[in-house]
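Sequence annotations record features per position, and here Swiss-Prot assigns disulfide bond to Cys4-Cys54, Cys13-Cys37, Cys29-Cys50. Residues or ranges marked as domain 'BPTI/Kunitz inhibitor' in Swiss-Prot: 4-54.
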Amino acid sequence: RGICLEPKVVGPCKARIRRFYYDSETGKCTPFIYGGCGGNGNNFETLHACRGICRA
C-alpha cells in the first residue's frame, strides 16, 4: 500500500499522541509521538492497525 511508503510526519502541533508508523527501511511498525495535526496516512492509532494494513 502506498501509505506504508510515506515518511513519518510528526506535524506542527504539540499534542504528543503515541502513534505507530510503518518504517519501510526496517519493515516494522514503529512507535512515534504525533503532534495531533498535519501528518499523512502512515499514522496508526495501534500497532495492530499498522501491522494489518502494512503487513509488518
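Cβ coordinates come from backbone N, Cα and C, glycine included.
Listed disulfide-bonded residues: Cys4, Cys13, Cys37, Cys54. The one with the lowest count of other Cβ atoms within 10 Å of its Cβ is Cys37. Comparing C-alpha positions, Cys50 (disulfide bond) sits nearest to Cys4 among the disulfide-bonded residues Cys4, Cys13, Cys37. A 10 Å cutoff on Cβ-Cβ distances gives Cys50 (disulfide bond) a total of 24 other Cβ atoms nearby, all chains included.
Cα separation, Cys37 (disulfide bond) to Cys54 (disulfide bond), rounded: 22 Å. Within the same chain, residues at least 6 positions away in sequence whose Cβ sits under 8 Å from that of Cys29 (disulfide bond) are Phe20, Tyr21, Tyr22, Asp23, Phe44, Leu47, Cys50, Arg51, Cys54, Ala56. For Cys4 (disulfide bond) paired with Cys13 (disulfide bond), the C-alpha to C-alpha distance reads 22 Å. Mapped onto three states, the DSSP output places Cys37 (disulfide bond) in coil.
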